[in-house]
C-alpha cells in the first residue's frame, strides 16, 4: 500500500518509509509463517535424528492425536480474533463426549445431535453474556468452565457413571474408521479447517470478526452487528468443542469425564503460537493448524527421545510459547514504531 | 449526578453501590446464619476449624492474586508455582527445614520475576506471560520431582499443616497474618499506593514518575512467593509432596475469590477484606450444599452463577 502513496515532501521521510516497509514485510512474514518455519525445521531435524519419525504410521499417529485439539483450537481462533477468549472449551469438550456416548444408544444421529445442540447452546450463552452485558469474556467463560463441569458431574452421577458407545455401531466407526489409514477425525478436522479458512478470509462474517477484534467501537460505528457476530463466534467455539468431544468419545468408545481439563490452555497456546494476537484483530486459521501440529510434533519427538519423560513436553511447550510471544511482541512493536 | 439528593432512598444506583461494596459480606453472613439455623453441627468448633483450614491456602494465593489483579494483571501460573515449590521442598529438606523453605519460596520468587519481566519490560499481556509458566511450571515441577510423590517426614514441616498455635490452626494463623500484611501493604505503604495507581492508569503512572516496571515486577514476585508458600502449606497438610496434584486449578479458585470479593479485573483497586470474604463465600457455598445432601456438581453450578452475579453487579461501577 505504502508504495502507491505519493512521494513525501522530504527525502528523509521517504527513506524512513522505504526502510520500514521492508522491515514491516519481514516482520509480518515471520509473524505469519514463523510457526510453519519452526514446524518444518523440527520435522526435518527429527526425520534425520529418529528412524521412526518420518514414517507414515507416525504421521498418522500425530495427526489423530492432534485432530481433537485442532477442532477446538479452530473455534478458539475465531473467538480470539474477535478480541475475546473462551476458557470453557475444555469442559465443553468433556461434556460433548459424555453426551455423545450417552446418546449413542439411540443411534448415530442422536449421538452427534445431542452434544452439538447442548454445546452450541452453551456457546450461545457465553456469547450473549459477553456481548450483551459487556462483562469480561475471561470471567464469563471462567464461570461456564465451572458450571459446565458441574453439569457434566451431574449427568454422570458425580463422575461415577461411564456411558459406553455400543460396540460396532456407526458412531464408533466415525471415531475409529480410516481412509488410507487416516482416521475420520483427521479428515473432519482438515475439512473444518478448510471451511474455517474460507469463512474467515472470504465472508463478510469473517471480515467482521477481524474488524471487531481490531476496534470494537470502530466496528460498531461502521454499522456492524457487533453483538450478533460475537454470539456467532462463541457459538462456533462451543459447537466445535462439543464436536471434538463427540469424536473423541467415538474414538475411545466411551464418554470420559476427566478429559479436557486444561484443554482450553492448550488451545489458546496453539492459537497464539500460530501467530494470532491475543488482543484480537489479527490472526489466521492456517497458523492455528501449524500451532496445533507444532505442539503435537513436540510431544511426539519427546516420546521418541524416550529417556525424557512426558513432563518435558509441557516444559518445552511453555518455553516455546514464551519465545513465540516475545518475538511477536517485538515484531509488532517495530511495526508500530515506524 | 446533580439530582442525586432528590431521589428516593431505594434509588437504583444507591442499591447497586451498596451491593458492590457490601454484597459479598452480606452473602457470607447470610450463609452463616442459614447454616447455623438449618445445618446440623455447623457451629461446632470442629466444623468451623475445617472450613477455615480448607480456605486458608486458597486465601494465601488469592491475596497475591488480588495485588496482581489490582495492577490490571492476572497470574495464571499460581497453581504450577504451588506444585513447583512442593517439588523442590523435599530436595533440600536434607539441609534442614529453613533452607528447604527458602529454596521453595525462592522458586516462587523466580517465577514471579519471569512473569513480571515479561509483563512490565517485554510488554506481554499478563494472561499470555503467565500462561506460559502455567504450562511449563508444572512440567518443571514434575521434572524436579522425577514425576513422583514423596512422603514428608520432617516433623516441624508436618506441624505446619496439622498443629495449632494459641488454639488456632497454624495454616489459618498464617493466612490471617498475611491478610493483615497485605492490607497494610496496600493501604499504608508507598508501594501499595503506587501499585493501585499503576493499576488504575499505567501510562499516567509512568508519566507521573512512578517506577512502573519495578512495582509491576515486585507485585508478581509477591504473588509468586505467596503461591509458593501455599504450595508448602498444601504439602504439609497432605504429608506428601505431590507435584501432579498440588495446586491444580488453583488459579481459577484464586481469581474467583478476588473477583467475587469486589476487586475489579480492570485494576486500580484492591479489596483485601473482600478477597477474604470472596474466598470464604465460595468455601461456604460448597460446604453448605454438601452438608445438606446436595451434590458437588450442584455446588459448582451455583458457584458459577455467583461469579457471574458478582461480576455483573461490579460492572455497573464503570459504566456510571
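Quick reminder: no glycine exception, Cβ is built from N, Cα and C everywhere.
TrEMBL annotations: computationally assigned, not manually curated.
What you see is a predicted model, and the numbers here were worked out from it, not measured in a lab.
Taken from TrEMBL, the feature transmembrane segment applies to A:35-56, A:68-101, A:107-129, A:136-155, A:182-200, A:231-250, A:286-306, A:312-331.
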Seg_contact(the transmembrane segment (A:68-101), the transmembrane segment (A:286-306)) with at least 3 CB pairs under 8 angstroms, min sep 6: yes
Positions on the same chain near the transmembrane segment (A:286-306), where near means CB under 8 A and six or more residues out: 32, 35-36, 38-39, 42-43, 46, 50, 52-53, 58, 61-63, 65-66, 69-70, 73-74, 76-77, 193, 197, 266, 269-276, 312-313, 316-317, 320
Close approaches to the transmembrane segment (A:231-250) from elsewhere in its chain (Cβ under 8 angstroms; 6 or more beyond its ends): 67-69, 71-72, 74-76, 78-79, 82, 84, 86, 88-90, 92-101, 104, 111-112, 115-116, 118-124, 126-128, 130-131, 165, 171-176, 184-185, 188, 192, 205, 209, 256, 259-260
Long-range Cβ neighbours of the transmembrane segment (A:136-155) (under 8 Å; 6 or more residues past either end): 79, 84-88, 90-92, 94-95, 98-99, 102, 122, 125-126, 129-130, 257, 264
Tertiary contacts of the transmembrane segment (A:107-129), as residues 6+ beyond its ends and Cβ separation under 8 Å: 86, 88, 92, 95-97, 99-101, 135, 137, 140-141, 144, 148, 165, 169-171, 174, 230-239, 241-243, 245-246, 250
